[in-house]
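As written in TrEMBL, here are the features:
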DOMAIN    18-445  domain 'Major facilitator superfamily (MFS) profile'
TRANSMEM  12-29  transmembrane segment
TRANSMEM  71-88  transmembrane segment
TRANSMEM  100-121  transmembrane segment
TRANSMEM  127-148  transmembrane segment
TRANSMEM  160-177  transmembrane segment
TRANSMEM  189-210  transmembrane segment
TRANSMEM  247-271  transmembrane segment
TRANSMEM  291-314  transmembrane segment
TRANSMEM  326-347  transmembrane segment
TRANSMEM  353-374  transmembrane segment
TRANSMEM  386-409  transmembrane segment
TRANSMEM  421-440  transmembrane segment
């Protein structure tokens, strides 16, 4: 018998921590260019409108990239991300989520460290590198959802899904840390250090994570039996293609997709537009805007764990069915954030009031851990990665559309009046999908999750593996 230490840390906790770290890595590699590029390009602001502004010191080579070039480079990640997000869940289910996510992050980390060399070569080389980083990172979240479906007991689902908020924490820490690195070591080290950090975490990932409890080398028999018995016969050992036809015809799945799209619209809108709004409309200086921009994400991260714990508590008590619980949590995750944006549109005139409203709005959206982020686990545990891959592919498009909408409304003038309709559109993107989900959404396991009748009972996951 394997040696058991006196203090045994459940392996599912290690897996949850590594899920948090994988999402953190994904977002570090996603958002680091947003601040690094400020130091990488030639500063032309002092020549615009005949006014003199503070010029950023040189922290390394500067490149003559136009605003259009910069937009192209910043968007390259999302183009690649969308491509692999769609089939990522199926890849995880067929090849194993541990290896698919681990090796993708490994290569993406190496490419992140190579970004300065690509910049020295040509802007299109940077585009190619960023496209590939997004292409590789597109698999991370669907893989994580696949692992959650296999490692999380039902009454711990909320906390497991909340661990996927590592991406939010990655956003919060990357901008200020990159700023410090740039000012002290140069912008190229803001890429090198992130790349090195990714490689270290990936090594730990391969050591601690396994695709299933049955495949983990050091898990205790007691913990393994507990996880497998809690999941019952909802999971199959068979590797099989997802039932795409049934997905297309499933109203609960379409309800989930719309709900996730609304949540992602609010998230990506605040990621892409908040610094611009705070700096150019509300008049905060750049450093203050950077700090204040992170507050909504800190609120979302903290509330995500809080709402996830409450959802687990409700489920253990049996107070609500899963369907009613998912629909109930749409109130804080979608309806209240939408209402806050409406309030912002009509009453957001004081800068600090605006920041407070935006923070409250995204904070409430942390309840997504008990609504749209958890629902793919409810509908089809066998295909949780596939479902999330599809809805995440669609949910990525607001990262492209929301900046275009902001640009369209602020093309001629950039004041709070022009942002009025931007906030109204954001509110509609939150509220309307929640109303649709209230009517057609479900928390029940769908028939198309079931294994084929030709499979034997021995192929079902049970406590006697």
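Keep in mind that glycine also has a Cβ here, set from the backbone N, Cα and C atoms.
For the transmembrane segment (127-148), same-chain residues at least 6 beyond its ends with a Cβ under 8 Å from one of its own Cβ atoms are 15, 19, 22-23, 25-26, 29-30, 33, 72-73, 76-85, 88-89, 91-93, 97-98, 100-101, 104-105, 107-108, 111-112, 114-115, 118, 157, 160-161, 164, 167, 209, 211, 376-377, 384-389, 392-393.
Two recorded stretches are said to be in contact when at least 3 C-beta pairs lie under 8 angstroms, sequence spacing 6 or more; the transmembrane segment (386-409) and the transmembrane segment (189-210) fall short of this definition. Averaged across the domain 'Major facilitator superfamily (MFS) profile' (18-445), pLDDT in this predicted model comes to 84.
With a threshold of 8 Å between CB atoms, the same-chain residues lying at least 6 positions outside the transmembrane segment (326-347) that come near it are 259, 262-263, 266, 307, 311, 320, 353-354, 357-358, 360-362, 364-368, 370-372, 374-375, 378, 419-421, 423-424, 426-431, 433-434, 437-438, 441-443. Fewer than three CB pairs closer than 8 A are found between the transmembrane segment (100-121) and the transmembrane segment (421-440), and contact between the two stretches is not assigned (pairs 6 or more residues apart). The list of residues near the transmembrane segment (160-177) in space but at least 6 beyond its ends in sequence, with Cβ under 8 angstroms from a Cβ of it, reads 12, 16-17, 19-28, 30-32, 34-35, 141, 144-145, 148, 151-152, 194, 271, 290-291, 293-294, 297-298, 300-301, 304-305, 307-309, 366, 369-370, 373-374, 377. For the transmembrane segment (421-440), the residues of the chain that approach it from at least six positions outside its boundaries are 251-252, 254-256, 258-259, 261-263, 265-266, 269, 273, 326-327, 330-331, 333-335, 337-339, 341-342, 344-345, 348, 371, 398, 402, 405-406, 409-410, judged by C-beta separation under 8 angstroms. Residues 11, 14-15, 17-18, 21-22, 25, 28-29, 32, 35-36, 98, 101-102, 105-106, 108-110, 112-116, 147, 174, 178, 181-182, 216-217, 219 of the same chain lie 6 or more positions beyond the ends of the transmembrane segment (189-210) yet place their CB under 8 Å from a CB of it. Under 8 Å from some Cβ of the transmembrane segment (71-88) lie the Cβ atoms of residues 30, 33-34, 37, 65, 100, 123, 126-128, 130-143, 385, 389-390, 392-393, 396-397, 399-400, all in the same chain and six or more residues away from its ends.
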